[in-house]
Amino acid sequence: MARSKTAQPKHSLRKIAVVVATAVSGMSVYAQAAVEPKEDTITVTAAPAPQESAWGPAATIAARQSATGTKTDTPIQKVPQSISVVTAEEMALHQPKSVKEALSYTPGVSVGTRGASNTYDHLIIRGFAAEGQSQNNYLNGLKLQGNFYNDAVIDPYMLERAEIMRGPVSVLYGKSSPGGLLNMVSKRPTTEPLKEVQFKAGTDSLFQTGFDFSDSLDDDGVYSYRLTGLARSANAQQKGSEEQRYAIAPAFTWRPDDKTNFTFLSYFQNEPETGYYGWLPKEGTVEPLPNGKRLPTDFNEGAKNNTYSRNEKMVGYSFDHEFNDTFTVRQNLRFAENKTSQNSVYGYGVCSDPANAYSKQCAALAPADKGHYLARKYVVDDEKLQNFSVDTQLQSKFATGDIDHTLLTGVDFMRMRNDINAWFGYDDSVPLLNLYNPVNTDFDFNAKDPANSGPYRILNKQKQTGVYVQDQAQWDKVLVTLGGRYDWADQESLNRVAGTTDKRDDKQFTWRGGVNYLFDNGVTPYFSYSESFEPSSQVGKDGNIFAPSKGKQYEVGVKYVPEDRPIVVTGAVYNLTKTNNLMADPEGSFFSVEGGEIRARGVEIEAKAALSASVNVVGSYTYTDAEYTTDTTYKGNTPAQVPKHMASLWADYTFFDGPLSGLTLGTGGRYTGSSYGDPANSFKVGSYTVVDALVRYDLARVGMAGSNVALHVNNLFDREYVASCFNTYGCFWGAERQVVATATFRF
């Protein structure tokens, strides 16, 4: 029996009513019992199920609430921007190894930026990636601030939901990529007992075991805990690379009454090996080598002793207190420490590639051999990043006449420090690799020849303070959302080798305005304007860090979220522009200059529906028309890794009657259109379609309620494809067929 969160005398009657209602209807409902003394009967009236929370689980694949777009618990149809939510229920259907894999059926999101590699969750949203190598990913509303190679990742098994907000978001979050962000919500303690153990085995010698335990620590539900963890070991797709991950997430909630909630959240993850993180040339992948052959999809151009490890530690809390019907205060806080270490040899294109024009090894080859010898470089890198973030909000609900307001005021602060101790090998620092007869050997990463390599020791510091205000004002069926934010963003880079320091302090105001019209039938058209800014970490030829880029977006859309059915259908048309993009110096120096512009226009459609207890459907379509509208070199071109068309469709069916009762069958397809492989648009990466499948059996039929066994297959027909390229020397094979058997037991 579920334990109540607070001790109230009337709960005993409610518990009796639940038992009676369950016996009568065969399904659990929340109920209230009324006993009339004149009659020897009990009248049971079913009450609505508890309302979904933006910070908690959703009952189906179609989540109806989100806090990512407003920082308040808001119905999705009331947010004047596009939001997609991948619930734990949907993740359970696919059992993804990474969060980016969990987003494979989400519109507007390119997840193939690194092909089969699971080292990072790098995404391109509406044609834009985060500045540099960093991700634009958040956990519980606070940014997982990364720097250089030091980006944190969260395992999807630890999450309640993963949400994509598309378009500029600086009005709430400060510095950000104009394309949007990923916000993940951690699993939190429950007052109902949860005991889950999971086992996985599959392709590439995958073995994983996980556990998820939660319960109240007292009869009144004041104290509760959750402990989630996993251990995973697998071979990466590329020969010689491995993936190892050990993670645990202890959480504890103190809820003294129904108006106060304090939840301690933590996450500890150790990855002795993060897998493959190299790249391959277009020759042998997109195009055949001179001998007419292509490289195998498990090809690894690195050294045999390549290593790449990461360690993450995060502790923090989420606190909220409702003073009365008007005022609620919330605060999210987290301290994180991330360490990465790598010794990596990586490819840098065949010798005939202009990128290797200064290589002496390549110059010594006969012209006929330059097309099948791969130039390589290396990096030795150790980093330690510390990040502190806190976001404090005051929510005020009140009315002015006929207008209901939800006013949010807040201030957030972020401080990041990343100490980089690296050594880079340049041209000719690693022997060439014959792609006709490749022999991977160990590499001496300690040699560090100053003739062709050098140190890179940098201490990067960043700070951001932002104050913001947002009003969600509703008059009858009209909802107006208006918000503004002012940021102070400071960055400092100390070059320990040269003994120089680069600094830049930026101040920026951004705002968003939107209007929604809420029809009674669940249809909600909307219009919005939003802005973003994103500081640069690069330095110009004058020695100064560049000014931030800025984003502006106009979006028109419609959402359909009926009150009585778990269906969410959204569609949007947008025009998004990024100004002050960096571009090549027209005077021919090796430095970039400011003043570039990229524009993206697009259409996105998404549908998520639990059409019945048996049928789930997820579908999406994306059209993205991205272009360098101002650039000294690439004007009129399309950015690399941005397909014009993407589409996906998934459906699953569960049998509840007959001999197949308890069986779930599912299948889906993901289409990615062709994309350009470099900013010069000198070649294209072909389109591809992959098919996924699911077979799952509910063990309740054999007396094990809540448990199941399943077989998940991604890329069912083992389609060979190049996921994307960012340049002529940087292409990525897509994931091969993955077959994973899963056994989940609840007791």
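For all residues, glycine too, the Cβ spot is worked out from N, Cα and C.
As annotated by Swiss-Prot, topological domain 'Periplasmic' applies to 34-192 (among others). Confidence over the topological domain 'Periplasmic' (34-192), given as mean pLDDT on the 0 to 100 scale, stands at 88.
Positions annotated as motif 'TonB box' by Swiss-Prot: 40-47.
What Swiss-Prot lists as domain 'TBDR plug' is 75-187, and the listing cites sequence analysis.
Look at Swiss-Prot and you will find Arg114, Gln133, Phe148, Tyr149, Tyr277, Gly278, Trp279, Tyr346, Gly347, Tyr348, Phe424, Ala735 tagged as ferrichrome binding site, backed by a curator's inference. Long-range Cβ contacts of Phe424 (ferrichrome binding site) within its own chain (separation 6+, distance under 8 Å): Lys377, Tyr378, Val379, Ser453, Gly454, Tyr456. Secondary structure at Phe424 (ferrichrome binding site), as computed by DSSP, is strand.
Per Swiss-Prot, the feature topological domain 'Extracellular' maps to 202-206 (among others). Under DSSP, the residues of the topological domain 'Extracellular' (202-206) split into helix, strand and coil as follows: 0 helix, 2 strand, 3 coil.
The DSSP breakdown of the topological domain 'Periplasmic' (216-222), given as helix, strand and coil counts, is 0 helix, 1 strand, 6 coil. Marked as topological domain 'Periplasmic' by Swiss-Prot: 216-222 (among others).
Residues or ranges marked as transmembrane segment by Swiss-Prot: 223-231 (among others).
Residues or ranges marked as topological domain 'Extracellular' in Swiss-Prot: 232-245 (among others).
A Cβ distance under 8 Å defines the sequence-distant neighbours of the transmembrane segment (246-255), meaning residues of its chain 6+ beyond its ends; these are 5-6, 155, 157-158, 186-189, 221-232, 261-271. Per Swiss-Prot, the feature transmembrane segment maps to 246-255 (among others).
Per Swiss-Prot, topological domain 'Periplasmic' is recorded for 256-259 (among others).
Residues 139-140, 154, 158, 186, 188-189, 247-254, 312-322, 334 of the same chain, all 6+ positions outside the transmembrane segment (260-268), place their C-beta atoms under 8 angstroms from a C-beta of that stretch. As annotated by Swiss-Prot, transmembrane segment applies to 260-268 (among others).
Summarising the annotation, Swiss-Prot assigns topological domain 'Extracellular' to 269-312 (among others). Away from its own ends, the topological domain 'Extracellular' (269-312) comes close to residues 114, 116-120, 152-155, 236-248, 336-347, 349-350, 352-353, 368, 371-372, 374, 376, 378, 430, 433, 435-436, 438, 440-443, 445, 677, 683-686, 720, 722, 725-726, 728-734, 736 of its chain (Cβ-Cβ under 8 Å, at least six residues beyond either end).
Residues or ranges marked as topological domain 'Periplasmic' in Swiss-Prot: 322-326 (among others). Outside the topological domain 'Periplasmic' (322-326), and at least 6 residues removed from its termini, the chain residues within Cβ reach (under 8 Å) are 259-260, 396-398.
Sequence annotations record features per position, and here Swiss-Prot assigns topological domain 'Extracellular' to 336-387 (among others).
Annotation source Swiss-Prot lists disulfide bond at Cys351-Cys362 (among others). Sequence-distant contacts of Cys351 (disulfide bond), defined by Cβ-Cβ distance under 8 angstroms and a gap of at least six in the same chain, are Ser359, Gln361, Cys362, Leu365, Asp369, Lys370, Gly371, Tyr373, Leu374, Ala375, Leu432.
Beyond its flanks by at least six residues, the transmembrane segment (388-396) meets 71-72, 141-143, 145, 316, 326-336, 405-416 of its own chain at Cβ-Cβ distances under 8 Å. According to Swiss-Prot, the transmembrane segment annotation covers 388-396 (among others).
Residues in the topological domain 'Extracellular' (671-689) partition by DSSP class (helix H, G, I; strand E, B; coil) as 0 helix, 8 strand, 11 coil. In the topological domain 'Periplasmic' (397-404), the DSSP tally of helix, strand and coil residues is 0 helix, 6 strand, 2 coil. Taking CA atoms as the reference points, Trp279 (ferrichrome binding site) and Cys725 (disulfide bond) are 9 Å apart.
A separation of roughly 40 Å, to the nearest angstrom, links the Cα atoms of Tyr277 (ferrichrome binding site) and Pro566 (site 'Interaction with phage T5 RBP-pb5'). Looking at Phe148, Trp279, the binding-site residues in this record, the fewest other C-beta atoms within 10 angstroms of the C-beta turn up around Phe148.
Trp279 (ferrichrome binding site) falls outside any helix or strand according to DSSP and counts as coil. On a Cα basis, Cys731 (disulfide bond) lies 8 Å away from Arg114 (ferrichrome binding site). Fewest other C-beta atoms within 10 Å: among the disulfide-bonded residues Cys362, Cys725, Cys731, that description fits Cys362. Across the topological domain 'Periplasmic' (655-661), DSSP classifies residues as 0 helix, 0 strand, 7 coil.
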